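As recorded in TrEMBL:
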TRANSMEM  17-33  transmembrane segment
TRANSMEM  39-59  transmembrane segment
TRANSMEM  66-91  transmembrane segment
TRANSMEM  97-115  transmembrane segment
TRANSMEM  122-145  transmembrane segment
TRANSMEM  157-180  transmembrane segment
Amino acid sequence: MDEISDYNSDPVKIKKMVLAALFAALIAAGAFIKIPLPFGVPITLQTFFVLLAVVTLGRNWGTLSIIVYLLVGFIGIPVFAGGAAGIQILAGPTAGYLYSFVVVAFIVGWLSDLVSKKTPPVMFGLAALGSILILTIGSLHLAFFSSISLPAAFLGGFAPFFVGDMIKSIAIGLVAPALIRKVNFKAI
């Protein structure tokens, strides 16, 4: 049998593909959901859905959902924060945050695959690690691309988002175990 036929006849693989596509759509929708913060820098739910996809789907399917999301944006569909789209985003000062999604999907997804008990503290820890990696990689790229100092990049690209991202990580810690039980990811 060829590989396409194998996917058509395997309900578990079909479920994986559907969930990866669903998370790609949720990430896109999350980029448009803004939560205002008292100090002026709004956060979006984009990284919430990135991290939720990764901790629930694991390395392979979580990474696929991120890649699908990025490809949709790079071909011109406005799915990035602020309605941005296009290949030129790869050369912008905030591209490091987008690049980091793939890195985080691979690393945190791999760690999630290794964990047998998907408890709230474990899921929080994985999401918090992913958040810190996203903010760090994004800030490093911001410093390099914008020719600003590392402290300035971290002050503008890490610090304003850290508390909000930790709150999102707590929410993921609470939501992910229930989602995993409900969707029966063990069958995937």
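Keep in mind that glycine also has a Cβ here, set from the backbone N, Cα and C atoms.
Automatic, uncurated: that is what TrEMBL annotation is.
Tallying C-beta pairs under 8 angstroms between the transmembrane segment (39-59) and each of 17-33, 66-91, 122-145, 157-180 places 17-33 first. By the count of Cβ pairs under 8 Å, the stretch nearest in packing to the transmembrane segment (66-91) among 17-33, 97-115, 157-180 is 17-33.
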